[in-house]
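These come from Swiss-Prot:
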type     : residues  : note
COMPBIAS : 356-372   : compositional bias 'Basic and acidic residues'
COMPBIAS : 1024-1039 : compositional bias 'Acidic residues'
COMPBIAS : 1048-1062 : compositional bias 'Low complexity'
COMPBIAS : 1083-1094 : compositional bias 'Low complexity'
COMPBIAS : 1123-1144 : compositional bias 'Basic and acidic residues'
REGION   : 356-377   : region 'Disordered'
REGION   : 662-691   : region 'Disordered'
REGION   : 1018-1103 : region 'Disordered'
REGION   : 1119-1144 : region 'Disordered'
TRANSMEM : 47-67     : transmembrane segment
TRANSMEM : 93-113    : transmembrane segment
TRANSMEM : 185-205   : transmembrane segment
TRANSMEM : 231-251   : transmembrane segment
TRANSMEM : 253-273   : transmembrane segment
TRANSMEM : 285-305   : transmembrane segment
TRANSMEM : 315-335   : transmembrane segment
TRANSMEM : 706-726   : transmembrane segment
TRANSMEM : 953-973   : transmembrane segment
TRANSMEM : 1179-1199 : transmembrane segment
TRANSMEM : 1325-1345 : transmembrane segment
TRANSMEM : 1358-1378 : transmembrane segment
């Protein structure tokens, strides 16, 4: 019982171990597949190797200048800023930036790992992954390991860099944000970081150990004998990143670690000499010596620990210039010393023809002589061709203890390098010396897998001895080598497998498939070509099988013919690409030859390819190795001009495009016509080509296709133009908003100037009266005078900007709006300091071109009041004079300039008789606002008119484009579609006329490939991108039902007989008299069904046979074929000599319902319905095109039109602000003792204020200001009302209540007695709050302005999105509808031509009447 348990436990343990070992082998196989796909022929080019070395130098140097080291002085500060600006890029952005960067890196790494897993899985299954996936994998591993290893590891370590605190364990990098280390949001980051560090490190170390070029013959890349030193460098990088990320708070530990590892790397780079290129080794050693110097000075800096002294910095910088040459020359001297050890090695001068025994004897004598000499270091014994298993060469240097096995490879490298430098007189002698050195080294280091790997590499790449190389490889395999050596063996095995497939690749070093990925792509392409080839033959067989039915479905025939043409085209393209990659592949040449013969019917080109394949095969069979000379192949049959041309240009065998130009095909075929044809036949052939050209629609389809491309491009360009126009309107609309505010502010300044002049007069009148001192009045007058002068400049600039058409009047506003815009981020300049000249305006606005604006600025339409004060008279009167808007504004500004300069005495005594002063004060409250209100209205109307005109132009243009589209459909599409459809039916009807024996023979022909691949099942191992796989089941009923023999066994037997009777096709068709004996149909002039005629009559053939096969050589004479057929009929041997399959099919006529003589039923309805859908296709596509564009334009029209009305709303808000100033003007007049006070004008201004205020929309953006939640709206917050103010509650209730109070109090003041006016609380309310109200109303206006600008930007975004989507939709409509439609037309035409290639000559020249086509 116990023994049973023990046995079972042993069995379980053994099975577990075997499972583990099997899994490890599977894992190794997958990883080796990934590495091989990634590495083969695609290691770093020279320039990338140099760049990666420079990046590595910078990364390693930066570890000496981290933040924890006390580099002193400004020099130390800048060194740390330059060499190590940040610990990691994520530190710059905080924890949020680190998180974003972390997940981006994680996503890219996961994609890379998935890529690795996919490639490994495919290789494990024996497949090859997609080519682009392999290329992506190469760049991912190369870039992430060689360049980004330190940044990625450092980034992953940031989430693990924790420290303890009172709040728990937090991330040390972001201690100010208090991020918990293994809790909350950082927990998944920490877990994923640990996993990715392990996985990424495995990937990095594995690729570093294997990702290198070992072939010294490759000149485009730097080769290496091994990559173990690179693994050491990568480990040092990992340690540096780990220590500087997690323990950087212990600078002594990081600095010592830095120094120790740099000592190892520096001496390692000198001793190991990792690259075969010695100059690169020297440069690398120089870089490592520089970093070693930096690490040493880092220790010195830590010891001094003085952050004020820059001495160590300067010493470090100076020492760099000495450290590099020290490392450089140390490497060079070491290599020379090691090379000098082999300088005395001598080899026997053996001629190539020398007998091996004689050479051994001579070698023995020389070795004895050399051993007797005092300078001899090497003893040569007898040296047969072996692997060094016996100690026959004595080299005392290898007995020394410090000598390591890799010294042998370095010394052999020096021997070969000396040969390259011209030291050795013979290349073969150097190779033999190196070989002997390797064998000597293997005797002293027999267990060194590294040395055996170097020796195998030498045999394969340098000595070119594959036999001994593979023997050495097997020896190495039995040694249980390390991982990198096992991968080297795997590489050589794969290369051997690739070489063994020579019948597919052809001779080595020819073609373009030396790269592994290119080779696998070549194989994948080859199996795809075979698949298409076989499918094409199957479809041809199905096509003829369907014709055995009594009722022939033309739709099924059309479908099969389409598949024949499609697979033929794919196979042809695949074969041409294969020959372009490798023109000497025997298997491809044979398969392509068969394809040209059986499908394309191009026998001459097929013969050329077959002959070339036989010649190459003969050379390859005679050769004992895989080394070929391409000149041997190119010399095949060089005496024949046509074959020579074929061999020199393998891709010159071009199939004629099935839709090629008929004129070119006709000219080529005409030159190859047989001389036996009569002149009448030649002229008849030209006539047939001319008639065929009438229905040949290739050129028409191409032109129509380009026309549709042009039409779609025009529509897209139209939408782009519309978008540009609408964006231009948006800019114009935005500038118009600016202009509306500017116009109102111009009127505001005019009203304010009038009020200030009245105030100046009032202060002059009350000077010295009561508490009003003269000094105080003068100060107030001076302040008001400065405001008037500034207002004049502002008004002048705005007035000129509007008239001259300033394109961007954003700065042309009053002081309140200017501050509001500046606070909101607008670029504002001061317009109140200097008057701008004409040249300083950009004058790009076109709104002034409106008729209404032109009339307003050029026609007298404004009545201005002018004061009449005759000299010497105390009476004054007012006179009305008509101005235009431009002259009125200029007159007002000029008068204000003069009025602002009046003296104190003039203000006090004689200003009422000053016409300039009174011109301003009288016209300011009514006339000037009225002028600018008209200008504003005309300005807005001009904008709306411009928008409406643009929309109308776009609409009319689109209607014209749609009309053109409709004409294209009616005039071009319909005739071409109808013509192609009818010719399709006409061609299919012809096949129903084929003799039955021909149909039976072609439907039972056995499909057999010439080139049989022993690994034919391997094509199932390759992924396919074919989209015709789903069509393989189409017509399976044809194979089952339409087979003329009852069972498949009979089929196969009969097919064998058919191969011997390819030329015997029974036919009763007689071209001379137009009879078809087997079908019982005789052509006659009165027949409406079928008409045949002689070549001398005007018949309408579907295609000239020589036109279809334009690339073929001279065809057999048609008269000879007809004569042969007549002889067969005459001798009566057609049926007797027919195949068994033909006799069997004829005996089973009843099974198919057609006896071969009676007329068959043709089902044309389904095909006609399908072809009829073509008309609906282009109609639907056209209306979709029209619909999408119309919908996009309609939406954009709606958005633009709605926004165009927003100018009126903004104008009302501006008018409300203007009316408040007019009201304030009249209130000021009430206490300035003015004799021109008009109560009615004041009431009108109040009414307009209320009207504007009540009609403005209640926007969400304005609601806080109106309801009081906005707070203090003063521009200067120091002027806000304190809570202790008696007006605080009223103002705090919102601008809506304040405006209402303004209107009510202004009405009260208008009807208050003059004597009680000064004591009125309403007047005190005005004096306290009016400036505050102005700012509030201006803020409301700016809010409306900003709202409409945002709405305009949103509309612009919507317009851009809609029109962009419309452009994409148009492109999609073209790609999804128009392009497939044109391709469908072209395919229908191509299929028609492909059908003609299948048509026997017996029916090809027949004419089918229109009645047969039209009948159902």
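Glycine is treated like the rest: Cβ placed from N, Cα and C.
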Long-range neighbours of the transmembrane segment (93-113), counting only residues six or more past its ends (CB under 8 A): 137, 140-141, 144, 152, 155-156, 158-159, 171, 173-174, 177, 179, 185, 189, 192, 196, 199-200, 203
Leading contact stretch, 285-305, 315-335, 1358-1378 vs the transmembrane segment (47-67) - CB distance under 8 Å: 285-305
Contact set, same chain, for the transmembrane segment (953-973): CB under 8 Å, 6 or more residues outside the stretch: 704, 707-708, 711, 714-715, 718, 722, 725, 1175, 1178-1179, 1182, 1185-1186, 1189-1190, 1193, 1197
Feature contact check the transmembrane segment (231-251) with the transmembrane segment (315-335), CB under 8 Å, 3 or more pairs: no
Seg_contact(the transmembrane segment (706-726), the transmembrane segment (1358-1378)) with at least 3 CB pairs under 8 angstroms, min sep 6: yes
Chain residues in Cβ proximity to the transmembrane segment (1179-1199) (below 8 Å; excluding those fewer than six residues from its ends, i.e. six or more beyond): 712, 715, 718-719, 722, 726, 951, 954-955, 958, 962, 965-966, 968-969, 1355, 1358-1359, 1362-1363, 1365-1366, 1369-1370, 1373, 1377-1378, 1381
